[in-house]
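Chemist: As annotated in Swiss-Prot:
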type	residues	note
ACT_SITE	HIS42	active site
BINDING	TYR45, LYS84, ASP491, GLY528	ATP binding site
BINDING	GLU86, ASN529	Mg(2+) 1 binding site
BINDING	SER87, HIS88, ASN89, HIS90, ARG109, GLN237, GLU309, SER310, GLN311, SER531	substrate binding site
ACT_SITE	HIS88	active site, proton acceptor
BINDING	ASP110, ASP265	Mg(2+) 2 binding site
Amino acid sequence: MDKETIKAHKISDEEYTQILEILGREPNLLELGVISAMWSEHCSYKSSKKYLNGFPTKAPWVIQGPGENAGVIDIGQGMAAVFKVESHNHPSFIEPFAGAATGVGGILRDVFTMGARVVAGLNSLKFGNIHNEKCSKHQKYLVKGVVNGISHYGNCMGVPTIGGECAFDECFNGNILVNAFALGVCKSEDIFYAKAEGVGNPVIYVGSKTGRDGLGGAVMASDSFNEESKSLRPTVQIGDPFSEKLLMEACLELFKTDYIVGIQDMGAAGLTSSSFEMAGRSGSGMKLYLDKTPIRESGMTPYELMLSESQERMLICAKKGYEDKVIEIFKKWDLDAVVIGEVTNTGKMELFWHDELVGLIPIEPLSEKAPILSRPISEPKYLSEIKDYKFELKLSIQELFIQMLQNENINNKAFIYDQFDSSVQTNTIKADGRLGASAIRIKENGASVAMAIECNSRLNYVNPKIGAALAVASAGRKVACTGAKPLAISDCLNYGNPQNPEVMWQFAQGCEGIKEACKELNTPVVSGNVSLYNETEGVSIYPSPTIVSVGVLEDANKTLKASFEKENLSVYLLGESLGEFGGSMVMKIQDKKVSGSLKELDYKAEIALWDLLYKANQNSLLECANSVGIGGIAMTLAKMFAISSVGANLTSGFDDEKMIFDESASRAIVGLSKENEEAFLNLAKEFGVKAYKLGVSTSQKHFKLDSIELSKAELDKLYFESFKEQIQ
């Protein structure tokens, strides 16, 4: 095998030596391509696995943790929630519409593969500077393309997109982030797993035909960008949501039978990863007859068939003798269904082309025992340069308030979420635009499932460990503010180039933060994804661990809003304000800096707040609640009253006026009627949570907070209309 071919497959000299040892000979091109894909960062997690192994993954309510297509938790009365968040960053930067659309398609398949009907989607989007003349036009093109791709796929599938977050920063100029989350629901006893066992059991290919789109996608997503990346468009998959809708319905029909042993979606690395993962998990072997693969392009080679990432395809291990029944279901839905292989006990993947053996590869070294790297790490030099920076006011409070509320990181994103169908399936209780976590009703048990997606890249830049822990806490707090109990998380870890020791240190610290927070807050990790090499021309993104917290409220009718719908409601701030300005939005807007330091998270205070919110809501003491986040109580209150029908007369009580922009954790704003104040304050005292009365909601159409005063019309214009103008 010549060195240029090996290099083109991103195989290092050390890895090639391992390949020779595993095979006992030189690989052919097909085998090299298969091994390259399975050992890519995207499929093998070779740089990250050693840090992920310490995550807490168990709890009495966890049915399935990491290692399957998606995580599963018990949501009561025999029902389960199946969910996962995943990235499609590199493809979305190259081809925003197709990249984002197929990102949604992939995460939907991960969930319905487990036997669940998908009932909700979320997304976390990060773009570059939309004001800089050099890149704003391209960034706006990316925003519009990505949003269009997400809405197109989700809407066509009939899956409501009910929430998300969108942020902008210069660090994403060369690498945008597109993280998609999906949640499905099924009976706890009806979960299907990705396994291929039982010698002689048939392996069936179902779904759309295979083309050349997406070739090398897993390898492409395991490398950084440079000027040559513009030629990578052919590696972006092309999605067809209508085919996926048929595939989902066919699979859900199949799941009502007892015809199959296991099922796996064909995602990154296509037929390669699905076959190796199914056999690897089961400790079995497999024969694949590649010439039987349904194709839509002529002249496709075994190499292309194994590595194509054409969308809307699944691999099924059926029970012997039930092949025709399985095929009949998929034919009914006008989908291809062909037996292309069988399970063996050899522990090897045997690839045939017109009855000729063209590839023979041991499965375990590519799946369960793929190489794990221990890359060098070192603390970034910039941390010592930024840690002592202190924020001081230079602008007036009113001026800062206005600048912040109309900033693209805070203002309303109706331009984005209005393109998503949030009410299809008629389960949505709380959707995008209503602040905080989103929530859906589970008709089978009357419960509400709340979910929130969170990632503050600036905080992770300032302190990767505490920043990651804060993401776990913040996502959980948003869920708690709906009245639900946070139960588990899914994570999508977006970082720069792992070959840079400073980036690897950031990643290791981020994992420590997640591990610590999940353990202390009792919200285990049940699924996730790692996206590395988010780097262009040597510049990495800020560390960006995206966390989705999922929780359950037993009675969906008790789901809390984040808006004040009545006048004369008492407005309270819960939790302590500690003067946290490191990595804050107010610093970024006033000083154009991301600097400072972060305080350690007080987990006892966080848990106490969650417990108080749950109990107060159970006792029907609260009218509304919202987590305090970016921009401090000033922005939290401004947004709550912007989406409300009433005005506000509020006084913070802070001696230092800048404290209204403090971003301390473990805080929430709640609204309650005056007759419930005494009972609520007694409960807060019982849980050890400080409660500060800020004022009341009023019938007058104005917003007043300390020296800040705006008419309701001015407030609404700043919040609701700014982004539409910025994105045009």
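Just so you know, glycine gets a Cβ as well, placed from its N, Cα and C.
Since the structure is predicted, the reported quantities are computational estimates derived from the model, not experimental observations.
Show me how these features fit into the shown structure, please.
Modeler: Around the Cβ of HIS42 (active site), 27 further Cβ atoms fall within 10 Å across all displayed protein chains.
The secondary structure of LYS84 (ATP binding site), as reduced to three states from DSSP, is extended strand. Sequence-distant contacts of LYS84 (ATP binding site), defined as residues of its own chain at least six apart whose C-beta falls under 8 angstroms from its C-beta, comprise ASN69, ALA70, GLY71, ILE107, ASP110, VAL111, PHE181, ALA182, SER490, SER527, GLY528, ASN529.
The Cβ neighbour count for GLU86 (Mg(2+) 1 binding site), using a 10 Å radius over every protein chain in view, is 25.
Counting every protein chain shown, the Cβ of GLN311 (substrate binding site) has 29 other Cβ atoms within 10 Å.
Proximity of HIS88 (active site, proton acceptor) to non-local residues of its own chain (separation of 6 or more, Cβ distance below 8 Å) is seen for GLY99, ALA100, THR102, GLY103, GLY106, VAL178, ASN179, ALA180, given in sequence order.
Taking the Cβ of ASP110 (Mg(2+) 2 binding site) as centre and 10 Å as the limit, one finds 27 other Cβ atoms among all the protein chains shown. According to its DSSP assignment, ASP110 (Mg(2+) 2 binding site) is helical.
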Chemist: Nearest of the recorded positions to ASN89 (substrate binding site) by CA-CA distance, picking from HIS42, TYR45, ASP265, ASP491?
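Modeler: That would be HIS42, nearest by Cα distance.
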Chemist: Could you check the binding-site residues ASN89, ASN529 and say which one's CB has the fewest neighbouring CB atoms inside 10 Å?
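Modeler: Among the binding-site residues ASN89, ASN529, the lowest count of other Cβ atoms within 10 Å belongs to ASN529.
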Chemist: Say you check the Cα of ASP491 (ATP binding site) against those of the binding-site residues GLU86, ARG109, GLU309, GLN311; which is nearest?
Modeler: GLU86
Chemist: Count the Cβ atoms, other than its own, that fall within 10 Å of the Cβ of TYR45 (ATP binding site), considering every protein chain shown.
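Modeler: Other Cβ atoms found within 10 Å: 20.
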Chemist: Relative to the Cα of ARG109 (substrate binding site), which of the recorded positions HIS42, GLU86, ASP265 has the closest Cα?
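Modeler: Ranked by Cα distance from ARG109 (substrate binding site), first place goes to ASP265.
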Chemist: Which one is it, among the recorded positions HIS42, TYR45, ASP265, that lies nearest to SER87 (substrate binding site) by Cα separation?
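Modeler: Looking at Cα distances from SER87 (substrate binding site), the smallest one goes to HIS42.
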Chemist: Please report the distance from the Cα of HIS42 (active site) to the Cα of ASP265 (Mg(2+) 2 binding site), rounded to the nearest angstrom.
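Modeler: Pair distance, Cα basis, whole Å: 16 Å.
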